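Taken verbatim from TrEMBL:
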DOMAIN    1-226  domain 'G-protein coupled receptors family 2 profile 2'
TRANSMEM  12-34  transmembrane segment
TRANSMEM  54-80  transmembrane segment
TRANSMEM  87-109  transmembrane segment
TRANSMEM  129-153  transmembrane segment
TRANSMEM  173-194  transmembrane segment
TRANSMEM  206-225  transmembrane segment
Amino acid sequence: RKFHCTRNYIHMHLFVSFILRAVAVFTKDAVLFADETMDHCLMSTVACKAAVAFFQFSILANFFWLLIEGIYLQTLLLLTFVSNKKFVWWFIFTGWGAPTAVMFAWVLTRIHQQNTGCWDDDENGVVLWIIKGPILLTVLINFVIFINVIRILVHKLKSQEGGGSHSSHFVRLAKSTLLLIPLFGVHYIVFAFFPESTGLEARLYIELGLGSFQGFVVALLYCFSNAEVQTELKKQLCRWQYQEYLTFSHKHGALSRETSPVNYVTQLSLLDRISPKRRTSVLQDGVTTV
């Protein structure tokens, strides 16, 4: 319950968008290449069109939630007080509603103007820009927010350290910058405004490589490397170990008088209140005593 806040709600929606994007890739490939004897460029079925539409929606949702991450961080830095209830529903509505509206317009345009194949071709530039335009807009806005956040961080670090070490100031700034790049998706700006035919092979490998591991890097940096998350995981692990130890001792009839059922419940409740280091020592002392 400690992690129920707007920041983590946004992270959860971002992770869902990464999962949807990965699922959409496998779904699209499974539908388009289900029959190896048929050229997928000649297919025109409802299933393959739905798979491509779901793929495009997942990509749009992912970019919009990256934008929400940037907007929320910018809001935290600019405002001294942020009402969680006031902003969270607007973020959710924007993160899922905007991609839905764009996809609705794209599907209608496809049906009436370019209802060919499985909708995975991009012959008509106007239809392509219905999806590419919002994506480029989110990337551009996030890049501007990224630059502004770095500017604010530089100002705050200078005011905090005063005449401190320039090397430590640079290290902290570099660390903050590297942490924000995968969260904001700033790396997409490298090829965002180049024509589709420019450096196609290199672009394919770079974008696929960075995009495939972006969700993992974000989860690693903002979830599993978080000190609060690690503390909660250690607490839960120690609790499991303590329960297994008491269960094992009870089965072999080696429970002492102090580990009666009443004390067992009391010890479990106290276990949540002590730090992981003290909890580990308590477990070790209990094993030694028995």
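Please read every residue number as a count from 1 along the shown chain.
Positions of Cβ are set from backbone N, Cα and C atoms, glycine also.
Between the transmembrane segment (206-225) and the transmembrane segment (12-34), the number of CB pairs under 8 angstroms, six or more residues apart, is three or more, so the stretches are in contact. Touching of the transmembrane segment (129-153) and the transmembrane segment (12-34) is ruled out by the presence of fewer than three CB pairs under 8 A, sequence neighbours closer than 6 excluded. Residues of the same chain lying 6 or more positions beyond the ends of the transmembrane segment (12-34) and with a Cβ under 8 Å from any Cβ of it are 40, 43, 47-48, 51-52, 54-55, 57-59, 61-62, 64-66, 68-69, 91-92, 95-96, 118, 120, 214-215, 218-219.
Using a Cβ-Cβ cut-off under 8 Å and counting only residues 6 or more beyond its ends in the same chain, the transmembrane segment (54-80) has close neighbours at 6-7, 10-11, 13-14, 17-18, 20-21, 23-25, 27-28, 87, 91, 94-96, 98-100, 102-103, 106, 131, 134-135, 138-139, 141-142, 145-146, 148-149, 152, 180, 183-185.
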